[in-house]
Structures are given as structure tokens and as C-alpha cells.
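Taken from TrEMBL as is:
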REGION    1-81  region 'Disordered'
COMPBIAS  28-55  compositional bias 'Basic and acidic residues'
COMPBIAS  68-81  compositional bias 'Basic and acidic residues'
DOMAIN    88-128  domain 'Nascent polypeptide-associated complex subunit alpha-like UBA'
Amino acid sequence: MRQHGGISMATEGDVELELETETSGPERPPEKPRKHDSGAADLERVTDYAEEKEIQSSNLETAMSVIGDRRSREQKAKQEREKELAKVTIKKEDLELIMTEMEISRAAAERSLREHMGNVVEALIALTN
């Protein structure tokens, strides 16, 4: 561009430049940073996590077998305890006394009496505490 008396005048080269920019089509906004690049890193973390979980699954199987064994032992102990309690003889009058005085079900009164070997006083004390 030339300046002529304070007015800038376009030269031939300048006009061509302007025409080229006009004919190049609509201006595109500057490209945004791609979010997919961070997605690759996230995917990498997920696969690492999955691999760690696969390694730990063997530990999980071992823990589950230990828990299963413990549950079966507890179940056997509970069944043995129930058999022992079933052997305890209780009086019908004692059972009815506890049911009426404590206002509890027959099963709860019977359980309490059996746990205290048929002793009414101990069963009542345990129920009141």
C-alpha cells in the first residue's frame, strides 16, 4: 500500500491479496484442542484397572472359600447348639408364666427358658435386662 496525501491507496498486489482471502471461503474458527487425546489416557487407566482386578480375582476366590468354610463351621456349631437346647426340659407353667408376665411370644419365652436350662428366675432376669 502506498500513502498518497494521508490516504492509503491499494496497489495491485494488495487487491489480489484481498480477493484471494475473499474467495477462499468462509473463515474457519481456530481448531479447538481435541478432547479425544485425553480419552486415550482415560482408556489406558481403565485397562490398567481391569488388569489389576484380574490379578486380584485369585485373591478374591481364596477369600470367598475361607468365608464359605467359616460359614459352614458356624452353621454346624449353631445346629449343635440347637440340639443341646432341644434336650433341655422346661415346664409348661414356667413357659406360660414368662409369656404372660413379659408379654412375649411362645417361641421367645421357650428360647429364653432353654438357654437358661429351664431356670425361670434367670430367664426372667435376662429378659428384663
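Using N, Cα and C of the backbone, Cβ positions are placed for all residues, glycine too.
No curator has checked TrEMBL annotations; they are predicted automatically.
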Take the compositional bias 'Basic and acidic residues' (68-81) and count its residues per DSSP category (helix H/G/I, strand E/B, coil), listing them in that order. 14 helix, 0 strand, 0 coil
From the DSSP assignment alone, can you count helix, strand and coil residues within the domain 'Nascent polypeptide-associated complex subunit alpha-like UBA' (88-128)? 30 helix, 0 strand, 11 coil
